[in-house]
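Scroll down for the structure; my scribbles are underneath it.
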Amino acid sequence: MTDTVFSNSSNRWMYPSDRPLQSNDKEQLQAGWSVHPGGQPDRQRKQEELTDEEKEIINRVIARAEKMEEMEQERIGRLVDRLENMRKNVAGDGVNRCILCGEQLGMLGSACVVCEDCKKNVCTKCGVETNNRLHSVWLCKICIEQREVWKRSGAWFFKGFPKQVLPQPMPIKKTKPQQPVSEPAAPEQPAPEPKHPARAPARGDSEDRRGPGQKTGPDPASAPGRGNYGPPVRRASEARMSSSSRDSESWDHSGGAGDSSRSPAGLRRANSVQASRPAPGSVQSPAPPQPGQPGTPGGSRPGPGPAGRFPDQKPEVAPSDPGTTAPPREERTGGVGGYPAVGAREDRMSHPSGPYSQASAAAPQPAAARQPPPPEEEEEEANSYDSDEATTLGALEFSLLYDQDNSSLQCTIIKAKGLKPMDSNGLADPYVKLHLLPGASKSNKLRTKTLRNTRNPIWNETLVYHGITDEDMQRKTLRISVCDEDKFGHNEFIGETRFSLKKLKPNQRKNFNICLERVIPMKRAGTTGSARGMALYEEEQVERVGDIEERGKILVSLMYSTQQGGLIVGIIRCVHLAAMDANGYSDPFVKLWLKPDMGKKAKHKTQIKKKTLNPEFNEEFFYDIKHSDLAKKSLDISVWDYDIGKSNDYIGGCQLGISAKGERLKHWYECLKNKDKKIERWHQLQNENHVSSD
């Protein structure tokens, strides 16, 4: 294809010269019709380089493309990790026992089916029957998950199973979309020094010493056709992935092919497959340098290019590969097989791509310069990106009611609709769990039952938080999460929604139908998640809320019975207790002590509730004491965690009496004032001074 400018011709289309063809002109004949270069803008003819602003725009696009590839690699890594976890958690041998759950198979056990892929025996619960063939085919859940990974990672197309590298990397190059170049041995226009030395290596001194009349080959490190933009940058992972496709085609002739690949930055995403695979046609190895062509950068002998035929015309750009006679043209346009470069700027392009019969795309050589990594904040935001989040997560319908008289919050989970499929069969095993923020823990976690194999579950369950005060309603937020239960691995998060309880009016039920949002459970900077709406993961403020460590609450009832002549103390329940055992729970019980000491009859304790942070006791204790003496007494209530073989752990306590303050004093005073009336109050447990449990 000719690059010569015919300023004295009015015809926009031209055919290559029909003079007797030389050996080097066969390529030109194959080029066919071409755009007349006289239609180029004046700026391109003058070879003006890109401005700093344009280079910055290109840099940002390239950096974003590279970051998206890294995020895609991490997404595939998560899929592979899930598959590996399923393989590690197998419980059977696949012969006499189910390969997944380990259940006995055969006459005395469950029905047995054989997986079509791995040929292992599985039970019907762990196998899935597919009906896409004439006869039924059974697959185990591991093989179904493996097929899912192949489908979602693109491995089915590339015939490879990506694990640690990108499935199909894009060669990231710090180049601008430039003009295709013609045959070598054309005079080169001197170009100014590059303004970004970190992206382009220094040019040799030989170029500066050349006279205006000399016609020399280009320096391999320089790229005038790029507008002095830097050489391509290639990551190690990309080089590994594309090594198999370039084993049979080496462009490294005498070190002069380091610049043979020039894809426009705008096409890296769209042409990822074409840019890294050879053309379907025959691959031609380039011929060694001809005697009439420059073989070294310092050569000054002109070749029989277009400039030799038209000495009065100036070529537009200099040749780029002095060691090759036919530089690959598919790479210059970002496509394969002569497809034009879509999306490249027209004022930077002078000709369409070369013919399909040219040599296939070659991978660029590694460059010395590399773009600096993005800032840490951008890296953190990139890690939170999930390319699967384009699909909707579903909607959840629920209602809330704050019962102010009973200090309880009722959350009725009604149903969900259109949940994101999480299993290989296109369904999910959803359940809903609730947390109160700040201070989310097992103590304030409630959950519904799990519904199997559905994306539109209907629960109609009411979950109740006891001991919710007006103060809690002002500062607490309810987090409602929908998860998928996984029998063999970790439960997977589907989506969530949050509601600030201060917006809820007492004793008025409020209904909601809200779309779920995706939230990564980690503390993030405010700027990173500012676009996530009400599902922005709030800072856990356990340490900030009054600097008080929450130990839990206890519901106590007091009544002085004139008929029995004594005080009746009721221990009803505790909520949100602190976890004291390694399993995240406690084995709580409650001790009562009426002070000053009245002997053994002054001490009582409840039964022990195993492995719970929200125990329900419903026990009453009687103290035989006169009403006149009760005002001088104080009731010490303490909650303990029972341990075997060592001393019990103190969880928290409170003291009711004349010397108490706030709600504790008010509760004791109302008991003395209102005889034969049971008065219930919630009290906050505190880590007060206490004696050892007996």
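Each Cβ is built from the backbone N, Cα and C atoms, and glycine gets one as well.
Features of the protein shown, as given by Swiss-Prot:
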type     : residues                               : note
BINDING  : MET422, ASP423, ASP484, ASP486, GLU492 : Ca(2+) 1 binding site
BINDING  : ASP423, ASP429, ASP484, GLU485, ASP486 : Ca(2+) 2 binding site
COMPBIAS : 1-12                                   : compositional bias 'Polar residues'
COMPBIAS : 177-186                                : compositional bias 'Low complexity'
COMPBIAS : 202-211                                : compositional bias 'Basic and acidic residues'
COMPBIAS : 352-370                                : compositional bias 'Low complexity'
COMPBIAS : 375-388                                : compositional bias 'Acidic residues'
DOMAIN   : 44-160                                 : domain 'RabBD'
DOMAIN   : 392-514                                : domain 'C2 1'
MOD_RES  : SER272                                 : phosphoserine
MOD_RES  : SER692                                 : phosphoserine
MOD_RES  : SER693                                 : phosphoserine
REGION   : 1-51                                   : region 'Disordered'
REGION   : 166-388                                : region 'Disordered'
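The structure, with features from Swiss-Prot marked on it.
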{"residue": "MET422", "record": "Ca(2+) 1 binding site", "DSSP class": "coil"}
{"residue": "ASP429", "record": "Ca(2+) 2 binding site", "DSSP class": "coil"}
{"residue": "ASP484", "record": "Ca(2+) 1 binding site", "DSSP class": "strand"}
{"residue": "GLU492", "record": "Ca(2+) 1 binding site", "DSSP class": "strand"}
ASP429 (Ca(2+) 2 binding site) and ASP423 (Ca(2+) 1 binding site), distance between Cα atoms, whole Å: 8
Rounded inter-Cα distance in Å - GLU485 (Ca(2+) 2 binding site), GLU492 (Ca(2+) 1 binding site): 7
Cβ atoms near ASP429 (Ca(2+) 2 binding site) (within 10 Å, other residues, all chains): 19
Rounded Cα-Cα span from ASP484 (Ca(2+) 1 binding site) to ASP429 (Ca(2+) 2 binding site), Å: 5
Residue, out of the binding-site residues ASP484, ASP486, GLU492, whose Cβ gathers the largest set of other Cβ atoms within 10 Å: ASP484
Reported mean pLDDT - the domain 'C2 1' (392-514): 91
Cβ-centroid neighbourhood (8 Å) of the Ca(2+) 2 site, ASP423, ASP429, ASP484, GLU485, ASP486 excluded: MET422, ALA428, PRO430, THR450, CYS483, LYS487, ASN491, GLU492
Summary of DSSP states over the domain 'RabBD' (44-160), given as helix, strand and coil counts: 56 helix, 18 strand, 43 coil
Intrachain C-beta neighbours of MET422 (Ca(2+) 1 binding site), sequence separation six or more, cut-off 8 angstroms: ALA428, ASP429, ASP484, GLU492, ILE494
Neighbours of MET422, ASP423, ASP484, ASP486, GLU492 excl. site residues, C-beta within 8 Å of centre, Ca(2+) 1: ALA428, ASP429, CYS483, GLU485, ASN491, ILE494
The domain 'C2 1' (392-514), counted residue by residue under DSSP: helix, strand, coil: 12 helix, 61 strand, 50 coil
